[in-house]
Structure formats: structure tokens, C-alpha cells
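Annotated transmembrane segment per TrEMBL: 7-28, 48-66, 73-93, 105-123, in sequence order.
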Amino acid sequence: MNPSRALHDVACLLLRLVLAVVFVAHGWQKFYDWTLDGTRETFTEMDVPFADVAAPGVAVLELVGGGMLGLGILTRLVAAAFSGVMVGALVLVHAENGIFIEDGGIELVLVLAGGCAAIVLLGPGRIRMDRMLVRWFSSEEEEVVEVAPKRRK
């Protein structure tokens, strides 16, 4: 095994797991600590457009999508959705408050958006659930191969 490829896979897994913990915790908070009604009210107070739809949508994305990100299921798609939501939060809510989180600044959403953008660009790595599911559901006689272009001599 190529050591640099193995390090890439472990680094991608570590990044996904760290982001997943943060997103799942925030999704849990929106559902169970604040409740969806409280989250909707907070989004409305922050002038988030379409707060009635955005609040439950973000809560579901954070809770379910965070789990998917950690497990490595539809990783690039989920990471792209998170990047978009975090950029939206940065622009609509946090930008006017500076950088530091204690002032409601961009610090956390910027790091989360950057981490998710990195996953979109780098991919999820080979340690992921959807890769294992493909192997599991393929017949034993079939060999799962990664498609790569043939090199010309």
C-alpha cells in the first residue's frame, strides 16, 4: 500500500469525523434542546430567509447529514450541502459580527465551510461506508475495481 495514499485516507476520515461530531451536536441541539419551534423562532429573529423551511432543513441536514458525513455516505454531496449552508450562515448571520465566535462572528462557520469544501475537493478517502456497501452488495464473483484511464505508451 502506498503510504501517502494511506495517510490521505486517514486524514480524510479524521476530517470527516471531526466535522460530523460538530454537525451532529448542532443538529441535536436544534431538535432537542431548542426544539424545532425554538430554532424556527431564532432563525426568524436573525432574519434568515424562509426561516420556516430553513430551520427544520438545517436541523435535519446537521443531524442526518452529519452522521452521513462521518460514516462516509454520499460524502461529497453532503459536504457540498454543508458548505453552502455554512456560507449562507456566514453571509446572512455572522459576517457583521467580526471573526470571533464569542461575538457571534464567522470563526466557526468559516472553519466548517472550509473543512467541508476540502472534502468536496479531496474526496472522502477510501475509508467510507458507501465503498464498503458497494463491495458488500456486489456478488462474490464480481470484483469491484476503481475506474482509471489507461495510460498511453
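Quick reminder: no glycine exception, Cβ is built from N, Cα and C everywhere.
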Most Cβ pairs under 8 Å with the transmembrane segment (7-28), selected from 48-66, 73-93, 105-123: 48-66
Contacting positions for the transmembrane segment (105-123) when only residues 6+ beyond its ends and CB under 8 Å are counted: 8, 12, 15-16, 18-19, 22-23, 69, 75-76, 79-80, 82-83, 86-87, 89-90, 94-95, 97-99
